[in-house]
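Per Swiss-Prot, the feature active site maps to THR7. The annotation Na(+) binding site is assigned in Swiss-Prot to GLY166, CYS169, THR172.
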Amino acid sequence: MEQFHGTTIVSVRRKTPQGDQVAIGGDGQVTLGNIVIKGTARKVRRLYHGKVLAGFAGATADAFTLFERFEAKLEKHQGHLTRAAVELTKDWRTDRVLRKLEAMLAVADATTSLIITGNGDVLEPEDGVIAIGSGGAYAQSAAKALIDNTELTAEQIVRKSLAIAGEICIYTNMNHTVEAL
């Protein structure tokens, strides 16, 4: 049976004189094969008392399982993002059921942004931009160009990057959810 797939998630971290800005956004399209099943899915969430932002790309049911597991790790480790991410990937790699999950997470708090994969990777981007999912490459390119050539906020860059990805990627729509810290 085919799984629900297709999305774009982008996160931008930007330094300003007032401090770091971070935002994560995602589109709302869910596809089953080549059919759009839903256009208003919320793939970006606030976790751990609103202090952590998370977005997922991949199989929808798998991603919700990972959200729950990740939030439990955040609670266990008092909101320490990197520690919770490493502990989640350890479980993801060693648990027979979790190992079959097909999803990626983009997570961020006030100081750190990470990509968490089912391969056991916990990656911190060098430039503060994370982009995952089918339209990720388009959104990442747009975000990098906007960071280098504008004074837009992190949230504005995320919104514009998602819009650009939505114009190019057939698995990305224009219904966006964006959260910022």
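Each Cβ is built from the backbone N, Cα and C atoms, and glycine gets one as well.
Where Swiss-Prot records a feature, it is marked here on the structure.
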{"residue": "THR7", "record": "active site", "Cβ contacts under 8 Å, 6 or more apart": "GLY26, ASP27, GLN29, VAL30, ALA41, LYS43, PHE56, ALA57, GLY58, GLY133, SER134, GLY135, TYR171, THR172"}
{"residue": "GLY166", "record": "Na(+) binding site", "Cβ contacts under 8 Å, 6 or more apart": "THR8, ASP27, GLY135, THR172, ASN173, MET174, HIS176"}
{"residue": "CYS169", "record": "Na(+) binding site", "Cβ contacts under 8 Å, 6 or more apart": "THR8, SER134, GLY135, TYR138"}
Non-site residues, in chain order, whose CB comes within 8 A of the mean position of the CB atoms of GLY166, CYS169, THR172 at Na(+): THR8, ASP27, GLN29, SER134, GLY135, TYR138, ALA139, LEU162, ALA165, GLU167, ILE168, ILE170, TYR171, ASN173, MET174
